[in-house]
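Swiss-Prot has this to say about the protein:
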CARBOHYD  N67  N-linked glycosylation site
CARBOHYD  N106  N-linked glycosylation site
CARBOHYD  R352  (Microbial infection) N-beta-linked (GlcNAc) arginine
REPEAT    72-115  repeat 'TNFR-Cys 2'
REPEAT    164-192  repeat 'TNFR-Cys 4'
TOPO_DOM  221-417  topological domain 'Cytoplasmic'
TRANSMEM  200-220  transmembrane segment
Amino acid sequence: MEQRPRGCAAVAAALLLVLLGARAQGGTRSPRCDCAGDFHKKIGLFCCRGCPAGHYLKAPCTEPCGNSTCLVCPQDTFLAWENHHNSECARCQACDEQASQVALENCSAVADTRCGCKPGWFVECQVSQCVSSSPFYCQPCLDCGALHRHTRLLCSRRDTDCGTCLPGFYEHGDGCVSCPTSTLGSCPERCAAVCGWRQMFWVQVLLAGLVVPLLLGATLTYTYRHCWPHKPLVTADEAGMEALTPPPATHLSPLDSAHTLLAPPDSSEKICTVQLVGNSWTPGYPETQEALCPQVTWSWDQLPSRALGPAAAPTLSPESPAGSPAMMLQPGPQLYDVMDAVPARRWKEFVRTLGLREAEIEAVEVEIGRFRDQQYEMLKRWRQQQPAGLGAVYAALERMGLDGCVEDLRSRLQRGP
């Protein structure tokens, strides 16, 4: 009877130990790994931790939630995101030097090279729908100071926006012209602070220069009439007798003999006989004159050139007229000389400056494949639309700042074919 309670106690103790052990085993949870998380991805049979940015996957993990074998990207390669499957890195891009691109940020293991334009240049997309990855080339920013204008908007993503003219300059046509320094001409309204006061000053000086001589002359005339002794008066009879008295005869030397001023055959002027008296030429007496001549006395150095001989033939200007064939752009070799003198990258800007319509440029690009044939066709169409003078070509190149190309083209045209 005493052994049953002991056996029951032993069984109860065993059951208690089993329950405690099962409870303890249920309280210890096995580690879990969720493949749907951001940092764990399932590679094969296991959920592995991925490689960080700038590393590529060398080998996956060998246990659940284990670390994969990752290596750093080699030089000139990168991976900008966390990697779970990539076994190699992407190659870094190179900036296009032909398009004037520069590296704003060099390539690293976690970022690609960032290409852009250097200071003073702006990005010009080569496609109409421009995005960050679109091809582009760099253009120099417009220098508003060189154009004598204020800078309204600095050059960054687009060209510089220039404003009004700087002080000391005024609008004239499409540009800014320096205010005149001469005080005799007109002074534009915007230049009043520069030349307005000078003009008024010199107007006053000119008025003073006119008034002072008048006052001085009036003073001298008054003094002469009131202070100088008067000449004796001559009666009308005495004056008539003096007028009827012939002058004494004088003997003229051979140099004082009469000479005839000869006019050119095609001249409508009258022939006039004059006499050289002393060192001067005077018109001859009425009986020796073939036509009425004004009473003019000429010294030897003032004698008209046609009296001494035929006039010298006028010298002809060596320059050709503006509309002559020599100043017109001829088809054939001259067109190729223009094509060779203009840089290819600025060709479309050149033909736009000449005045070729944008529709014509686009039509040539669609119809003709080769670039050189496109250049020739654009020049040919421009010649057909308006007078194609070499002066227009030189002026367009100078407006584009290609003075060296102007000299090159002139030398090409002088050498000829």
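Here the Cβ of each residue, glycine as well, is placed from N, Cα and C on the backbone.
Mapped onto three states, the DSSP output places N106 (N-linked glycosylation site) in coil. Rounded to the nearest whole angstrom, the C-alpha distance between the residue listed as '(Microbial infection) N-beta-linked (GlcNAc) arginine' and N67 (N-linked glycosylation site) is 63. Listed in sequence order, the residues of the same chain lying 6 or more apart from N67 (N-linked glycosylation site) and placing their CB within less than 8 Å of its CB are C48, R49, C61.
Non-local contacts of N106 (N-linked glycosylation site) by the CB criterion (under 8 A, 6+ apart in sequence, same chain) comprise T113. Cβ neighbour count for the residue listed as '(Microbial infection) N-beta-linked (GlcNAc) arginine' (all protein chains, 10 Å cutoff from its Cβ): 14. Break the repeat 'TNFR-Cys 4' (164-192) down by DSSP state and the numbers are 4 helix, 10 strand, 15 coil. Averaged over the topological domain 'Cytoplasmic' (221-417), the predicted model reaches a pLDDT of 64.
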